[in-house]
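As given in TrEMBL:
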TRANSMEM  A:12-34  transmembrane segment
TRANSMEM  A:46-79  transmembrane segment
TRANSMEM  A:91-114  transmembrane segment
TRANSMEM  A:120-137  transmembrane segment
TRANSMEM  A:158-181  transmembrane segment
TRANSMEM  A:210-230  transmembrane segment
TRANSMEM  A:251-279  transmembrane segment
TRANSMEM  A:291-311  transmembrane segment
Amino acid sequence: MLKRLIYSREGVLSIIVLTMFFGVGVISPDFISLSNSVSIFNDTSILIMLALGQMLVILTRCIDLSVAANVAFTGMFVAMVNQYFPELHMALLIFLSLFIGALLGAINGLFVWLLKVPSIVITLGTMSIYRGATFLLSDGAWVNSHQMSESFIGLPRYEILSMPVLGWMAVVTIVLFFWAMKFSVWGRNFYSAGGNPMAAFYSGVNVGKVQFYAFLVSGTLSGLCGYLWVSRFAVAYVDVANGFELQVIAACVIGGVSIVGGLGTVVGCVIGALFIGVVNNALPIIGVSPFWQMAISGLVIIIAVIANASSGKDKARIILRNPNANDEIRAN
Amino acid sequence: MKSKLITACVLASATLFASGVYAADQVRVALLVKALGIGFFEAAYRGAEEARKELGDVEIIYTGPTSTTAEGQIEIINSLIAQRVDAIAVSANDADALVPALKKAQQRGIKVISWDSGVGKEGRQIHLNPSSNSLIGEMNVQLAADAIKAKGKSSGTFAILSATPTSTNQNIWIGEMKKSLSKFPNLKLVDTVYGDDLADKSFREATALIKNHPDLDVIVAPTTVGILAAAQAVSDLGLTGKVYVTGLGLPSELAGHVHSGAIHSFAIWNPIDLGYSATMLAYNLVKGQGTKTEIPMGRMGTLKVDKNGDGAMAKPFVYDASNVDEFSSIF
């Protein structure tokens, strides 16, 4: 059982992340303190949520390049609403961010579902469109901390059991995803639609619709992260999260989500995001030259992916697992 | 066609006549901006008005297209030539596109200067930069010294949070900051880090700076994203008043952090001074005051002009709790 755990993709990746984490701890003991661990997790929360949304999209053999632009647009939108109507309740603003994000995600999804346009083309287009729309919306102006209400900035920072709400939101998202992807038919359909679309079609799964759902969820999470991002850094401007979609996709790939679809787990995806989070937080602490930083983060990503790929080699991949038949499979 | 030509002739002679009346006693300076309705330029106009009151015999024509296009500015330049203004002070939407029209203006005896955003050398006589690299570098170190003084200390440490490690002007400014360190023997630069002008990376770098240097007094960020992210990091860590953030940024973006105390003071050009200086320079050129290398600009001192016709107005202007609100509505 333990051996199986260690040799699984997630196991190998966890070992790499933990080695890195404690390795930095040798250089800077404060890095592995509980409070700093919580702050690293908190710092990675947005990436985790976006990566989970992206995982659904990648599972269905698509890709969503517009997540960061969605973050920027929704972030700017709710920030401006907050600026002009500071009395508006936060629950309403969060609902608004989810709604706007879902809308932008649905646009991607509808193109993929109904027009059968390759998702990379559509989301490459909407990536620029959403970013441009952010500019048109704001006229290039920034929304700054003093133009935001106290609760708008305070909510993700509010601490419950010494972890900020931002981190708890990631925890809730992880739990929901874990449950949905393992135990709900709705979640299992993402695997079947991506693993073998033809077989899925014949077993009554509407592959296009599943892809639509994937974009919808990815968009909704991007919308929420739009608010969280703008609130966390207390500023909204057009270039918010510029290029962040690449980190999101990298988190998925590192976490063992197969770029050709059908394979990937919630746990792997979260560890993949944490991997990037630890690298991002460790590099400034150990004082690596900025010219080396990019090369190093690229290198560790490649190493992680190689380690990951070789750990899964030569083994038949179970695409659809009956949750009740786990013991049966282990016996084989 | 013929009738059009006649109308044009009549119109032209009419404007000639009309402007002839003006030109007798007043110097007419056109302040041509990138576009109307931009706070920064409205503030520059306030400065120009201040210069007008000081000089007395100046008329300011504040003008600009409705959107920031070079075409719009060219049309306006042509009409200013027709109105026979004495000087044009332009902040250009395009460094090259305006040159032919401005050349024409100069051929008609109109003095042309550019300010804020310059035009090619052939298009103008002088270009007024808001500041110079060495002045900006020195100002940033001065700000760090001021923040340490605000903490009640006589000496202290500071670190620089820049944009990308390949950003040309950032690197020049950092170089100038290091050069001017000799004037501040009580200041010690402990680290230089790069936030790539990304909010999340700048935030992380600022946090790491504070962790790596527990005795750090000031973070200097000569970039708008960096200074905001660092100020937010300081308030999130609950270190307001212990670590000050300073650097270059806009009053509208930083007002909140100045009031929260994360930023003691910061600097950027003052658009009012810029409009004032541009008007003074244009006036003095028309009046033939000053030399090829030095032209007076009223209360802002004397502009030193280099061989390319470029000059730097002053050190960046310092904003703090006392004046940030006045300017935050402007830009």
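Cβ coordinates come from backbone N, Cα and C, glycine included.
Because TrEMBL annotations are produced automatically, they should be read as predictions rather than curated entries.
The transmembrane segment (A:210-230) makes no contact with the transmembrane segment (A:120-137): fewer than 3 of their CB pairs lie within 8 A, with pairs spaced 6 or more apart in sequence. Panel annotation: around the transmembrane segment (A:91-114), residues 62, 64, 66, 70, 73-75, 77-78, 81-82, 122-123, 126, 130, 152, 208-209, 211-227 of the same chain, lying at least six beyond its termini, place a Cβ under 8 Å from a Cβ of the stretch. Sequence-distant contacts of the transmembrane segment (A:46-79) (same chain, six or more residues past either end, CB-CB distance under 8 Å): 93, 96-97, 100-101, 104-105, 108, 112, 119-120, 123-124, 126-131, 133-134, 137-138, 143, 147-148, 152, 166, 169-170, 173-174, 177, 190-191, 193-194, 197, 207, 210-211, 213-215, 217-230, 232, 236-245, 247-249, 251-252, 255, 257-264, 266, 269-270, 272-274, 276-277.
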